[in-house]
Structures are given as structure tokens and as C-alpha cells.
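A.B. asks: I am attaching a structure below and will ask some questions about it afterwards.
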Amino acid sequence: MGSAALPHARQRWVSHALDSNRKFLIANAQMENCAIIYCNDGFCEMFGYSRVEVMQRPCTCDFLTGPDTTKSSIAQLTQALLGSEECKLEILYYRKDTSCFRCLVDVVPVKNEDGVVIMFILNFEDLAQLIAKSSGRSLHHRLSQSWRAGEGRRLKFSLPSLRRLKAQRNSLPTSEFDGVAIDYGKPGGDSLILRDLKTSPKENCVQSETESLLEKERRPSLEADPTLQHPIPKQEPPSLGPRGSYSAWGFIRSRPGGSFHSLRRVSSLDNFEAARSEFQRKFRERRANSEGGMGLSGKASHVKPNPPNSTSDSDLMKYRTISQIPQFTLNFVEFNLEKHRSGSTTEIEIIAPHKVTERTQNVTEKVTQVLSLGADVLPEYKLQAPRIHRWTILHYSPFKAVWDWLILLLVIYTAVFTPYSAAFLLNEEQGEEKHWNCSYSCDPLNIIDLIVDIMFIVDIVINFRTTYVNINDEVVSHPGKIAIHYFKGWFLIDMVAAIPFDLLIFRSGSDETTTLIGLLKTARLLRLVRVARKLDRYSEYGAAVLFLLMCTFALIAHWLACIWYAIGNVERPYMEHKIGWLDNLGDQIGKRYNDSDLSSGPSIKDKYVTALYFTFSSLTSVGFGNVSPNTNSEKIFSICVMLIGSLMYASIFGNVSAIIQRLYSGTARYHTQMLRVKEFIRFHQIPNPLRQRLEEYFQHAWSYTNGIDMNAVLKGFPDCLQADICLHLNRTLLQNCKAFRGASKGCLRALAMKFKTTHAPPGDTLVHYGDVLTTLYFISRGSIEILKEDIVVAILGKNDIFGEPISLYARPGKSNADVRALTYCDLHKIQREDLLEVLDMYPAFSDNFWSNLEITFNLRDADSVPRTPLSEEYDCTYRRVRRRKHSLCQPNKPDPDTGTSDAEQYHTYSELTNPQDPLSKDQWDDVGSSTTPCSQTSDDEAKPGSPTKALSLVTASASGTEVSKQAAESSQSYAGTHICTTPLDIPNMFTFWEDQRPNHHPEPLQHVSLVHSSRDIPLHSDYRPGQIESRLELLQAQLSRLESRMSSDINIILQLLQRQLSQVPPAYSPISPSSHNLAMYGIVPRSLEPLTPCAPLEDEQQTAPGQSPSYAEVEKFHLKSRHSLSSGMHLTVASDETMTVYSEQEHHSPPLLNPEPPHQRAPNTQGLLRGSRFPSLPEHLEASSEHQDIQRHLSDPVLPGS
């Protein structure tokens, strides 16, 4: 099965690979030459090739090699592709612009579940970029960890690298330095051993990784560095010293501009310091002789000292440049010379601790600056930020958003507790002693109310400094304008709600004061308008609306409960008979009121719960009657509550039911549609595999579209709005696809209207083998695979195009492979007829579109394009209509099947029509196989027994008269418009009979070649031998039909000539034909010049009775007369050798015109041939129908020359 049987895990791997940022390609190991089936965008950007140019090429990447690419590297790559193990190698590759670079290629085989390699992944890395990235990495973090670990270690350093630190140290700001900088410059064979460095176990784990990285860097660096003059010391295996220590040569990394030096061994710290001073002196001498020094010391010499705490961008860049210079600063504070440990083979950068602190400080300050969005961090090219006054708060700032939600919670608290406090708490009688002796802070609710009042006052102050948006959509930050805007808006309501009335009238315990406080506190409920405005944005969500409606219902019930208690409490002292609901409540719960005891009666809790129960039962129209109104005031209030309840019940709960129905509407539609699908499956008895695919696709499509039919939605809008919507839906394709660049907005709108969107789940087959390619596909998301005989030949991803090149073929072909989705795919597709229709409307954009359209994979099956008799008739009509399209008119375009241009086709025709080189029977079969029966019609008038001769419709010479020029032009334009497919190869038909050979006809040959060049049909197609006989039979039938049609035309011509002969004056008559009124016939006088007929073809054997000389002259006369009548088609039948078309009835019947002897008939014939052939009868207008009938026959599209 090959790679067609990819498991789901591999499909996920392919989809993940398509989204990676690496530069790679995928090749199929089971195809010839391991053809490339996919390359990502990074690969295309690296080498400059498009995906179309890379697909199906061998993965040996021969197109990337150049003159400097070594054959050994190519052989290594080829050997890696023959193996089954991962391999890395370096190759010199060339980009499309001929620039070369060293590339690191990683060949990774992909195996299937059987362990067989089915694919190769080739990952490409620019070696120069890889070295630049790795050289910029710093190892000081790991070294700082090694110092803190306290483990001894012996390190070997590259002396030239250590020597460069002097220049770096001199360029850095001078400060207290607690480390030792060692610089060396003298080459020698000594080495330096530093012992007792502390390292951590973590570093030991990464040594091998670092060594492998340096190994990869070492070779390219040596090749790229022209200054290297010393050989590279080879790495020696570590050997155990006499005291059990290890001695080893380390890698010496080459850097640009540097040189290699050896290391010498020192045994004490004094020798270490002596060596340090010696090399410092030599370095100063070297630096004096050469400005800037060598290598990295030269880079460091021009760096100016920079304060470590600088925070500007330029200073940070300078300091970053300094920090990237390799530093070898050694701290000997924690050295222990008695402990030895085998050192790493890599160079290690050591940075003094206070330098690390400075870097950390700079990074912290930089991060702080970025987080604060300072002006020096913002880009140079930016929008001008609005100028904000000091202490002004932006209305869209996070602080204002949090503050608004806090005020919203306080308003909700006010809406709940203000009515409760005004109704229940303020009417509670307290002892005078407690009331006067206790301060305001005795009641917790008073403390909370005080905090709420303070917050409302602060909110007023903040609103005076908060920006707003004016009617011009401008942010206003001017304090004066903000104040005016706030005064005109919510200031009065906020001010009333923020006044602490209970503090202003505290300690005045009269009843009037208590009632006033309760009424004033209810003014805070005006802030609920802000709550409604704040929560209005959530009105589109059904669940949020449902929650808000329930809260509103509960809040209104709470308010009504407070009012219900206030009515009963106010009326009770004035009633003689205690019949109020509060007295009834006391009797029911056993807590009767006692006028002498103010604390008697039900508690506040009992009163509130009972009042709330009554209001809820009244609002919901339940009303059990256990709490009933008894007084008139209570009854009136109950009526009001019932009215409010009916309205609220109808609005709120009706809205709730609608919301619930809307929430479940999608589910209901899903179940309804799913039921239809199941009924369809059951009714048609769909098999289980297909049934499962159908159900899975329906479920996924529903989750993707939620059951919304976009076509049904778009049909409800006008065309202009539909075009805008389609343009928005296809904007990504139209903007990113190269083929649509340069299109006008009207063209894009027309194309967007024709595009359809398709969604395909994994495993769904989009195109099957043999399907007619009537659609062009554009992939916008996901990946697909193309399979030929269950072998993956290509993997396409985002922005790829597959189908067939419509501009090269006038008739849709058939698919040569299966197209299957690997992941969930979104595709845009357009029908070829719709695309051609739009391009015909915009011919200026058509050429640009065809030139920029790059089809990633051509699905057209070029080997076999089956044709059926029914499809041929359709093909004729299709080509005839499509020939009028300007979008397909591309001159000198190579033939799609043969790859030949018009000039090559003309040369081919010249060879085929050369009489000196007649075609054999086999050659004729080959030529005939390229012709199609497209030109045959539905009316079958052929006579099987009629003789068939060679046919040649020859275009008359255009050198005679202007009429002949006009006729030739009209004939050529007519032929270019109506001939739809490859016609009978007329000039080559003479070679079908070996006894006949045509003469040279250069002008007709040129006309035929032009006709062929104006079509987009291949001249030669590869047909099987079995089809040649059918082609010959169709050719025979075609000639028979042409013969019968021409016979009927000749009969009409002869009838007309009989009427003309009676009016045309004889040759000896003094009347000149020019005396006729030319305007009556609508013919220009300049057309009176005689027409020179084509010379008759010589026939070797004249055995047919109709081919006698007398008959030939009469036939020539008849056909010459026909030329005068054929104003629409300027065709001339030369002679009987050229064309002898007559029926058996005509052959056996007497001639219509009695032939005269040649000497008597010659003058008449000459007069007819040389004179102007005008219809002599003024009644020629009555015979217009006959002319039209002739034109109708001649304009029949079945004639190959027309």
C-alpha cells in the first residue's frame, strides 16, 4: 500500500510538520528518484524557489547544486537516501539567484509500522547563521553555578582567547574588580592548567552537547577564516597523570580575525601571574603596531566606556555588544589547588560576579522601562498618542474598568439595603439612653453606609477627571470640558445619591426626621440607571438575560415587601380595631402586640419574611390567602401589586420562555436534521461504512457551521451586499494568492461571488480518479494528499492550488489521481465556466491571471482523454462558444499536448502537404488519429454507395479584387469563430489515395495553418490502434455528408444560373455589363476585375465518366457562377480533380445545360469568367431566400474550411 496507509499518528505528524518553522521538504521513498511531495514555506524562502518549481523533483536536490558543489557531498546525500538511518552532512548549495552558501542537511527517514522507510524528511540549515547563533550564546550562567557548587575541576583555556580580554577590559568602565583577567599572545607549546574550579553536576550533563555543537562549528570556521596560519592541534585522548589527575588537550575554537596559539603549563599562582604580565606586555606592543588589534580585541577597542546603569536604547545596544565579547575573567577566591577534576574540552566564559550584577540590573531596568511603555522604548514610526493632562484618567483604562465594577457592586448594595433600612430599621424604637449614649459606630450597617457614601463621593471626583468621547469620536481630556460634560449628565443624580443624610440629621429622633431620612435615602436608587446601562452589553447573551430578569423580579419583590411592611406599620397606631396584617401575623405566630411594651410583637425577621412571601405570591398570581389585606390601604396596594405582577409575569416569564427556546433551538434543529439523515439512510439502505462516513460528516459539518446554510442566508440580501459579503469571506484567498494580484475591485467582487467554500474532514476524498475536472481548488487551511495507485505523490498545504490549467485546454479533462484530506481542510473552489466567464468580462486582467496562476499539482490525465459520440457534439458546441472568449486567445502559445507552437505546427503541415514526400498509409493513420469527429452534425444525409473523392476547399487568392479581400477576411473570421476542434486535415487528404497528388497551394495552406493556430486543440494525439479504424469510419461518414450537402448546393446554383443566362448579354453584344446600376446590387465597381481561379490538379488516371473535359468545363462554369453568389464565403472549387461532387442521380441523368462544342462555348465561357457576375434580373431581391439558403448551407459549422 505504501504511504497511503498512514496511521492517524502519522497524519497528525504531517499536520504538525506543515506548521513548523523549519526549512524542510518531504520526499516519498517509494516513488522514482524519491520525488519531493512537499516543501514548506521556509524552504522556499531559503532557496528562492516556489513550491510549484520544487514539487515532483528528485530529493537529491540536483537543482540546488552548482559548479562548486563537490561530487562527494552529492554522493553522501545519495547514499543517505539509500539507507535507513538519520544522517547529517554539509553541502554547498546555490539559491535561485545563483548565490551560494554552506548548508547543513539533516536526512531523517520516516518508517511505517513495518519498519520500512516510506518517506524522507530533509531539514536544511544555513551553516553561517547556525554558527552566528551558537557563538552568541553565553556560558557564564553555567560557570556561576559551577563556582557555587564547590566541586574541583581542571580547565584548559585557549591562550589567544584569554589574551583578548585585555582590550575588552580596557574598553569597559573601570570599577572595582574582584576577578583576574588573563591575556596571552605568545605562541608556544606550553599549556595552562587551572585547578580547583567549582562546577555543578548539571554542567557535566551538557558537556557532550556543547562538544558536538563546537565540532560542527569548527570546520566551517576554519574554511571561512583567511587569517589562519597555524595548524590545528588534534585532540588527544585523556591520560591519567602521575597523581591521578587527567590531562587533556581541549578544543581551540577559531574566531574571525583570531589566531591559534598553544598553551604552556604553570604549576603555581606566581607563575600564572608572571605569564599574565608577560603576555600583557606583548599584547600592548602588538596593539601599538596594529590599530584595533586582531580578532575580537579589535572589535572591543572601538567600544567606548558606557555607564552600566544606562537605560537608553543606544547605550543598551552598546553594552550588549560589549557583553557578547568572549570574557575569561577568573575568580580565584574559591580555588582549591589540592582537588583535581577532569576539565571540559570546551572554552568556558567566566564573568566576574559584579559584572553579572550589573547586567542583571540593566536587564531589570530595561524590563521596567518596557512595562512602563516609556517614550524611548516605543518605535520611531508610531501613531501620535493623545495628549493627556496630568491627573486625568482614561475612560478605557484598566483602573477605570475596575472602579466602575466596584461602584456597580455598591449600587446593588444600595438598591437592596436602602429600602430595607428605610422601612424596617429606622422605625425601630430604641431606648433614649442607648440612642444618646451610643455613638454612630454602634450599628455595623451605619459603618457600611458611611463607607458607601465616601466611595460615592470619590466617584464624583474621579468622574471630574475621566475622559470621554465626544460626538466626533474624539477623546476629550481637557478638565474644563470634562467638568461641563459631567455637569450636564450624571452629576446631579450622583450628588444626591452620595449625600450622607443620616449623618446630617443625626440625633434628631423625631418621626418626621425618620421619614425624611428614609425618603432621601431612596434617591440612591437612581444609580440603578447606570447599572442598566452597564449591563446592556450583555443583553445579546441568552443566559445573561435570563439571570438579569430573575434578579430584577427578585429586587422588585423586595421593594414591594418593604412597602407592604411600611403600610402596615404606619396604619397600626391609628386603628381602633387591630385588623391589619401585622396584628394577624402576631396572632398566627403567638407574638401579640402589647401597647405598653414597645418590644412586643413579631420580630423583624418574621415581618420581612412574611412581607416578601406575600409580594412573591401576589406577583406570581398564586395568593394562598394566609396573608391577606384587610384595610383599604392594604387592599389598594394589593391591587397595584397584582397589576404589576401580571405585567411582569407576562414580560419576564414570556421572555424567559423565549430565551429558553432560543437556547435549545440549535439542538432542536440538529435533531431534526439528524432525523432526516437517518431516515434517508434507512430508506435507501445505505451500507454501514458509508453510513458511518455520512453521519460523521454531518456531525462535523454541523459543529463547523452550526446548521447555517450560507447560500440561503445570502439569497435574502441584494446582489451588491452579497458581493461585499462574499468578498469578505474570501478576502484571505484574494489577498494572498498571487494570481489575483492586480485585479480591480469589480473583478474581485465578481470572482468572490463565484467562489464556494468546502470543508472536508480527515479521510474524505475530494476528487476521485477519473472524475471530470470542472473545478479549480484553493487550499486555505489544512493539508491534503494526492495518491496514484495508493501511493502518495504529493502533499499539499495552505495556499496551494490543484486542478488543471484551464487556459491550456478548451475541454475539461479527467483526474489522474485521488485527492484525500489529511486533516480538517477548508477549500475555496470555483467552476471553470464561472472563472472563464469572469475573465471574459475583464480581458485586461485575464492575461495577468493566467501568467501568475501557479497550479501546485496538475490533476489532468494527459495520457487518455476519452471521447464519446455524444460528448463530441457537446464538445463542438462548447469549443464554438469558448472560441469567442478573449481569455483563451493567446497567440504563439505552445500546444498543451505536443508542446509545439504555431510556427512548428505550420512547419509540420508544410511537411505533410509536400507532394514530393507523400504520406504512406501508416502516416495517414497517424495524422488521421489526431482528427476528431467534432465537425459532424446530427443530420445524416450521406449515401453509402456514392463515390468519394479527395476534397479540398481552397480559399481564393486575395490579390484579385477588393471584393475578394473582403470575402477572404470574412471567410477567415468566420472560420476562426465557428471551427471548434481539429477538422479534417484537408491538404493531406490527397495522400489517402496513392494515385492522386495535390499541387502546391501556398495560400490555402497558410489559411489552414491559421485556422489551426487559432484553436487550442492538439494536432497530434496518441490514440490506440483500435481507435484509428473508428476515426476513418467517421471520416468516411463526414465526407459523405459533405458530398450530399454540396450536391444540393450545386443544384441550387444551376437553377440560378439558368435564370442568369437569359439576362446576361452575349459576348458580341454591344451592351456592356458595366451599364448596369451597381447600387442596385450593392457591389462596389472596383470588384469588376476578373478572378484568377486556381489551376486544376492533374489527374494521372481519368477513368470516371464525369471527369471528361467537356464535363469539367461545364462544372467549372457552374462553380465559377457560384463564386459570384457566395458573398459570405469566398470559396472556389477549382476543378473535378480538386473536387468532383455529384450524386448518382446526376451522373445518370442528362446534363442540365447542353454542352456546346468547345469553339462555340469558349466565348460565352470567357465572357462569364471575365465579366462582372451580376444578377441580371431586377427581381434578384425576390430570390434572396435562395441566397439565404445557400449561405445557410455554406455557413454550416460542419464544413472544415468554413
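Note that Cβ sites are derived from N, Cα and C of the backbone, with glycine treated the same way.
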A.B. asks: Which of the listed positions, Asn362, Asn437, Asn626, does Swiss-Prot note as N-linked glycosylation site?
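C.D. replies: Going through Asn362, Asn437, Asn626 one by one, Swiss-Prot annotates Asn437 as N-linked glycosylation site.
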A.B. asks: Based on what Swiss-Prot says, identify which of Asn309, Asn594 is the N-linked glycosylation site one.
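C.D. replies: Annotated as N-linked glycosylation site in Swiss-Prot: Asn594.
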A.B. asks: Given the ranges 42-62, 315-335, 609-629, 693-713, which one is assigned the annotation intramembrane segment in Swiss-Prot?
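C.D. replies: Going through 42-62, 315-335, 609-629, 693-713 one by one, Swiss-Prot gives intramembrane segment for 609-629.
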A.B. asks: Any idea which of 1029-1049, 1092-1112, 1113-1133 is down as region 'Disordered' in Swiss-Prot?
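C.D. replies: Residues 1092-1112 are the ones Swiss-Prot records as region 'Disordered'.
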A.B. asks: Residue list, the topological domain 'Cytoplasmic' (465-485) vs rest of chain: Cβ under 8 Å, 6 or more residues beyond ends.
C.D. replies: 386-389, 391-395, 400
A.B. asks: Given a Cβ distance threshold of under 8 angstroms, which distant residues of the chain, six or more beyond its ends, lie next to the intramembrane segment (609-629)?
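C.D. replies: Long-range Cβ neighbours of the intramembrane segment (609-629): 553, 556-558, 560-562, 564-565, 581, 584-585, 588, 602, 635, 637-638, 641-642, 644-646, 648-649.
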A.B. asks: For the topological domain 'Extracellular' (630-635), what are the DSSP-based totals of helix, strand and coil residues?
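C.D. replies: So the topological domain 'Extracellular' (630-635) is made up of 4 helix, 0 strand, 2 coil.
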A.B. asks: Tally the residues of the topological domain 'Cytoplasmic' (465-485) by DSSP class, grouping H, G and I as helix, E and B as strand, and everything else as coil.
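C.D. replies: Residue counts in helix, strand and coil order: 7 helix, 5 strand, 9 coil.
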A.B. asks: List, by number or range, the same-chain residues at least 6 past the topological domain 'Extracellular' (565-608) whose CB is under 8 A from its CB atoms?
C.D. replies: 420, 423-425, 427-429, 614, 626-631, 633-634, 637
A.B. asks: Go through the chain and flag residues at least 6 beyond the ends of the topological domain 'Extracellular' (630-635) whose CB is under 8 A from any CB in it; none is fine as an answer.
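C.D. replies: Contacts with the topological domain 'Extracellular' (630-635): 564, 567-568, 571, 575, 579-581, 584.
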A.B. asks: Under 8 Å Cβ to Cβ from Asn594 (N-linked glycosylation site), same chain, six or more residues apart: give me those in sequence order, or none if nothing qualifies.
C.D. replies: Ser600, Gly601
A.B. asks: On the 0 to 100 pLDDT scale, where does the topological domain 'Cytoplasmic' (1-405) sit on average?
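C.D. replies: Per the prediction, mean pLDDT sits at 59 for the topological domain 'Cytoplasmic' (1-405).
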